[in-house]
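**Q** Below you'll find the structure I mean.
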């Protein structure tokens with residue numbers, strides 16, 4: 001009991017509410033319906049043979065058949081209408097292969113769904129370890145989807161043949177006494193095959209479930225990551241018109257307005273306003289505008305002379 005309690009306490013039951021676990025529950029339930037409706041079937045048909053000699057007639061002949069539908073082994077006794085004798089009439093066909101294949105796939109799908117669901121709940125860490133669990137789950141799901149397609153299609157064809165072989169009208173056509181003049185053969189009851197029809201429906205529903213579950217298992221494998229495109233990034237912001245002068249702004253390094261050593265550290269116009277060119281710019285303590293001027297090479301000596 002302690003082990004059971006620990007498993008229950010450590011179980012991640014929320015996975016049942018997620019698509020991966022919820023679909024697995026549906027697969028488990030639908031697999032039960034598929035093999036139960038087919039594997040437990042028992043059918044019966046009735047017919048009558050009325051001979052010219054009324055005393056030899058059989059007015060209620062019951063013929064039973066069941067899964068796995070080896071109809072060639074099913075027979076019934078019918079009056080031969082000749083001197084009180086009877087004749088064994090065998091049904092035609094062996095449809096056990098398609099029926100047994102369908103039931104086998106359903107049973108294994110039931111067992112796998114139950115095991116996978118238990119793994120999702122109680123062994124989630126082991127399931128995701130090294131990504132082997134999702135990959136094996138995906139391959140198994142793909143195989144079962146294919147097997148459901150094949151088995152359901154084969155059983156649908158087999159069921160059609162079973163209906164033909166158990167139709168009282170077709171059986172009567174093969175009975176020799178019914179072809180004799182004076183004898184009358186009638187069908188009294190057709191077999192009820194609604195349960196078998198339901199099994200075919202559940203087979204194709206299982207096919208839909210297993211094919212649909214491929215996507216949810218595929219996402220768990222991580223194989224979808226290369227195909228998942230990242231959302232486009234935000235467009236690059238264009239600089240505002242005011243930023244054309246540079247990021248530094250006024251008076252802050254290159255690109256700004258500021259007084260960067262007058263107009264440059266070397267050459268060009270250097271307003272020294274009262275100091276020699278080698279002493280740097282500025283107003284300086286030596287005189288006013290008229291002293292030293294711009295320089296010594298043929299330029300005006302002061303602002304007053306230029307005026």
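Glycine is no exception: its Cβ is also placed from the backbone N, Cα and C atoms.
The following feature annotations were taken from Swiss-Prot:
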TOPO_DOM  1-19  topological domain 'Cytoplasmic'
DOMAIN    15-222  domain 'MARVEL'
TOPO_DOM  44-101  topological domain 'Vesicular'
MOD_RES   75  phosphotyrosine
TOPO_DOM  126-132  topological domain 'Cytoplasmic'
TOPO_DOM  157-194  topological domain 'Vesicular'
TOPO_DOM  219-307  topological domain 'Cytoplasmic'
MOD_RES   221  phosphothreonine
REGION    233-307  region 'Disordered'
COMPBIAS  248-258  compositional bias 'Gly residues'
COMPBIAS  259-276  compositional bias 'Low complexity'
MOD_RES   273  phosphotyrosine
COMPBIAS  277-296  compositional bias 'Gly residues'
MOD_RES   289  phosphotyrosine
**Q** Would you kindly give the Cα-Cα distance separating residue 75 (phosphotyrosine) and residue 221 (phosphothreonine), rounded to the nearest Å?
**A** 54
**Q** For the topological domain 'Cytoplasmic' (1-19), report the average pLDDT of the model, please.
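**A** When the pLDDT values over the topological domain 'Cytoplasmic' (1-19) are averaged, the result is 63.
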**Q** Show which residues of the chain containing residue 75 (phosphotyrosine), separated from it by at least 6 in sequence, have their CB under 8 Å from its CB.
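**A** In sequence order, 88, 89, 90, 91 meet the Cβ cut-off.
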